[in-house]
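Colleague: Pasting a structure below so you can have a look.
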Amino acid sequence: MGAQLSTLGHMVLFPVWFLYSLLMKLFQRSTPAITLESPDIKYPLRLIDREIISHDTRRFRFALPSPQHILGLPVGQHIYLSARIDGNLVVRPYTPISSDDDKGFVDLVIKVYFKDTHPKFPAGGKMSQYLESMQIGDTIEFRGPSGLLVYQGKGKFAIRPDKKSNPIIRTVKSVGMIAGGTGITPMLQVIRAIMKDPDDHTVCHLLFANQTEKDILLRPELEELRNKHSARFKLWYTLDRAPEAWDYGQGFVNEEMIRDHLPPPEEEPLVLMCGPPPMIQYACLPNLDHVGHPTERCFVF
């Protein structure tokens, strides 16, 4: 009798164990491994491809630990690259243009500041020139996620006033964005996250400032998104030095541009900014204030 009960117990337990094992394997397959497991750890990633986008802009692709890994970067956050250059530790923040929909790699689009091209900065950019000098197969250290803003979807943003504070949740129907130069990368990250979700009806208004037409980073990607999602993504450029045949704005970001190309204050939008500090301090913030956008609804990456 005891032997029969033992056999019966094994017969009952085996299907349960088998089903549990199968479910665990399916769960593991459906849950990709995360590269950035801790924001306090540096993860060396290997350069596997480099694409020349323009005379001074490159797309760098780095391999994640396995083809099944994702980076693990929430939308709105950035990473830090660190390298020892000329005996000194150099750390710089960057926002990837790839997302956690991409497995096995992370892409960075970076403008290379070459030496002897800008009179105020004759040495050029330390990190960007270091990246330019890297060979395929070389590694560089990534750390993150970092940042005070996370986009949670459906118009919901979690924003921390500082690193120690709890996030404040803001839900909006429209987002104003002002980007200058390489400041476009965090904007593109948020725009893509919104546009890929057909149930996210948040409308994005991007005002993108550059010096010349050839300086416009990621223009094909932006215009493809605009053409595909014209009801939800509004795009306007302004150039310091515009060509004669130019269909967009000219000059620095000003009050008129903000009135014409960002959502009005009455819609209670969130306004995101990223660009050179002088642009933010002297062009964006004062003119946003003149138009009526309150400080608490403005965020600078």
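Glycine is treated like the rest: Cβ placed from N, Cα and C.
Positions annotated as N-myristoyl glycine by Swiss-Prot: GLY2. Positions annotated as domain 'FAD-binding FR-type' by Swiss-Prot: 40-152. Feature annotation from Swiss-Prot assigns N6-acetyllysine to LYS42, LYS120. Among the features that Swiss-Prot reports, phosphotyrosine is placed at TYR43. Residues annotated as FAD binding site in Swiss-Prot: ARG92, PRO93, TYR94, VAL109, LYS111, PHE114, LYS126, MET127, SER128, THR185.
Surface or core, plus neighbours and distances: that's what I need for these features.
Modeller: Counting only same-chain residues six or more apart in sequence, the Cβ atoms lying under 8 angstroms from the Cβ of LYS42 (N6-acetyllysine) belong to SER82, GLU141, PHE142, ARG143. A coil conformation is recorded for LYS42 (N6-acetyllysine) in the three-state DSSP classification, outside any helix or strand.
Within its own chain, TYR43 (phosphotyrosine) has THR35, LEU36, PRO65, GLU141, PHE142, ARG143 as residues 6 or more apart in sequence whose C-beta sits under 8 angstroms from its own.
A helical conformation is recorded for SER128 (FAD binding site) in the three-state DSSP classification.
Within 10 Å of the Cβ of LYS120 (N6-acetyllysine) there are 4 other Cβ atoms, across all protein chains.
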Colleague: Please report how many Å separate the Cα atom of TYR94 (FAD binding site) from that of LYS120 (N6-acetyllysine), as a whole number.
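Modeller: So the alpha carbons of TYR94 (FAD binding site) and LYS120 (N6-acetyllysine) sit roughly 23 Å from each other.
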Colleague: At a 10 Å cut-off from the C-beta of ARG92 (FAD binding site), count the other C-beta atoms across all protein chains.
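Modeller: Step by step: centre on the Cβ of ARG92 (FAD binding site), count other Cβ atoms within 10 Å, giving 16.
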